[in-house]
Amino acid sequence: MPSMRVTTDTWPRRAAQEPLLLLLLRSSLMKSASLQALNPNRAMAAMGRSVRVVLDSSVLLDPSGVTAEEEEVVVALRPGAEALLRRLRYSNLRVAICHPEGLTTNESGFLEKTAKLYSFGYMPLTSPSGSNLLNELMLEWSETNFCFYVTSGVHEGLLSELQNHNWEVIAMGNEDVIKNSGVIHISMLQELLITLATSIKKEIGNSSAFVVGYVMKQSREEDFAKRGAFPIYPSKNDLIFVPLSFELPLASQLQEVDLVLHKITDEIINIDPNSSISFPKGISFSPGMSEIIRFVEEHCDFCVIDPFKNIYPLLDRIQIQEILIRLEGLSAEGRPKLRAPCFLKIESFCGSELQKQLAEAKLSFPLIVKPQVACGVADAHNMALIFKIEEFSNLSVPLPAILQEYIDHGSKIFKFYAIGDKIFHAIKNSMPNASHLKSSSGGKPLTFNSLKTLPVATKEQLLQNEVQDSKLLDINLVEEAAKLLKELLGLTIFGFDVVVQESSGDHVIVDLNYLPSFKEVPDNVAMPAFWDAIKQSYESRKQMTQT
């Protein structure tokens, strides 16, 4: 968010405004007392009710914005505030930003725009209109009896009023500033989310509620969060999600959560190309992920979804092929053949025996060339489609690599997702048949990144395929494969891609991955399945460690 400049430093005036805030709050809180008496058991009442979080401007605005030369104040969010607000936006908590009377127009305007940007409530506590607004809000909130007030330092009288009416107060900063024993203290803004999560679990008092700490790259987290995957307010099956922060001591965070959901491949720094691919050998993880791995190794009863050793095979396309070959036993008379694509591992593109090796592997052109490392490094998805052996020269695909048959599949790919015990699938447009690709290649290898620049069939090519008598997908066969894969892999959530070969009707599994986005599955179906899968996996693993 862009910063704003104002000409007057208003921070010294904040303390003088606290008595006004206290005055405005008192009348509303007194009116709510009788309603609270009707519902004294807050722990039992918490589930199914809203959780409110009021963020005082003091925890959001950066107090160090004065420039000595210009004597101006830069109105901006303090470090860590933007990430906090982004996560709170999709937390299912009801959040409001408040500020006392006395801020400049630029400061209050900045806060109002911030609240609007993140879809939060905005509460300018000014008199007289602010009093009426606050009265109305407090009367409404009194029915929830589950509110947090977050500040970096307030009037002691205000704290007492809030606590007398069952508000939780979280104060950031030096504990010596606030002597009130009932205040929850945090030293950094990054501690707020895990503090909220553990406080909510404590207030619920429900033994079936679990705190899930999660680790993944920011873009993936945001994609999941926007779909409602990571609520801090408990999900329908009592899961509370909170991101693990590498800016804070991890050991203390891991002691506060019940389990960790991770995308370990997001935290790979490097894979040594000179080491034999026998993961985790040769993998360098981020310092934070390395610490989590050590913690899990030292605490064998700690639950991670999924165990690291179960995921390592999916980093290697050779191991993926070997896993898929084990599914071929599902094929039977009267059913399509289920198989992995024919493949060959190569260490060099210049070998004199390459033509012979291709024949022995039953491979013919065109071929897809893929790096053996399947994910976690920048070039893992750099691939090529080649149409003759001469095109191997000067190929830029990383080695070692696998050569895989290209399957004409009518430009349709079936994406399957196993989420716990539930299996979903979606149909997507895919690469056109080889004849179309060859005509557009210009006699050169067709290079692409499978995540970014995958060549997809044109509308005309899709229409041609629709007219053709395409083979139908055997859903039952693929679902059986999904169940067997779940047993073989020991994974809670995974995905795989199936294409149906036009010439034979063979069902060929061409890709396998851990914790996919499953964005093709509607959120109202996917998210409950996602939460159930996590909880069932956790309870199953805990039961195993206790026996």
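The backbone N, Cα and C atoms fix where each Cβ goes, glycine too.
According to Swiss-Prot:
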BINDING   LYS263, HIS381, LYS415, ASN513, SER517  1D-myo-inositol 1,3,4-trisphosphate binding site
BINDING   ARG317, LYS370, 404-415, SER430, SER450  ATP binding site
BINDING   ASP497, ASP511  Mg(2+) 1 binding site
BINDING   ASP511, ASN513  Mg(2+) 2 binding site
DOMAIN    327-539  domain 'ATP-grasp'
Open item on the list: Of ASP408, GLY410, PHE414, ASP511, which is closest to LYS263 (1D-myo-inositol 1,3,4-trisphosphate binding site) if I measure between C-alpha atoms? They're all binding-site residues.
Closed with: ASP511
Task: Overall pLDDT of the domain 'ATP-grasp' (327-539), taken as the mean - done: 89
Open item on the list: Rank aside, I only need the closest one: which of the binding-site residues HIS381, LYS415, ASP497, SER517 has its C-alpha nearest to that of TYR406 (ATP binding site)?
Closed with: ASP497
Open item on the list: Pairwise over LYS263, HIS381, LYS415, ASN513, SER517, annotated as binding 1D-myo-inositol 1,3,4-trisphosphate, what's the top Cα to Cα distance to the nearest Å?
Closed with: 20
- [ ] Sort the binding-site residues GLY410, LYS415, SER517 by C-alpha distance from ASP497 (Mg(2+) 1 binding site) and give me just the closest.
- [x] LYS415
- [ ] Please tell me which one of the binding-site residues listed here (HIS381, ASP511, ASN513) sits closest to SER430 (ATP binding site), measuring Cα to Cα?
- [x] ASP511
Task: Cβ neighbour count within 10 Å of GLY410 (ATP binding site) - done: 21
Task: Nearest of the binding-site residues (HIS381, ASP511, ASN513, SER517) to GLY410 (ATP binding site) - Cα to Cα - done: ASP511
TODO: State the Cα to Cα distance, in Å, between LYS415 (1D-myo-inositol 1,3,4-trisphosphate binding site) and ARG317 (ATP binding site), rounded to an integer.
DONE: 18
Task: Cβ-Cβ distance under 8 Å to SER517 (1D-myo-inositol 1,3,4-trisphosphate binding site), same chain, at least six residues away - done: ARG220, ASP223, PHE224
Open item on the list: Restricting to the binding-site residues ARG317, HIS381, GLN404, LYS412, which ones have a CA within 10 Å of the CA of ASP511 (Mg(2+) 1 binding site)?
Closed with: ARG317
TODO: Select one residue from ARG317, HIS381, LYS415: among these binding-site residues, choose the one with the most other Cβ atoms within 10 Å of its Cβ.
DONE: ARG317
Open item on the list: Nearest by CA distance to HIS381 (1D-myo-inositol 1,3,4-trisphosphate binding site): which of the binding-site residues is it, out of ARG317, GLN404, ASP408, LYS412?
Closed with: ARG317
TODO: Compute the C-alpha separation of GLN404 (ATP binding site) from ASN513 (1D-myo-inositol 1,3,4-trisphosphate binding site), stating it in Å without decimals.
DONE: 17
Task: Candidate with sparsest Cβ neighbourhood (10 Å radius) among GLN404, SER430, ASN513, the listed binding-site residues - done: ASN513
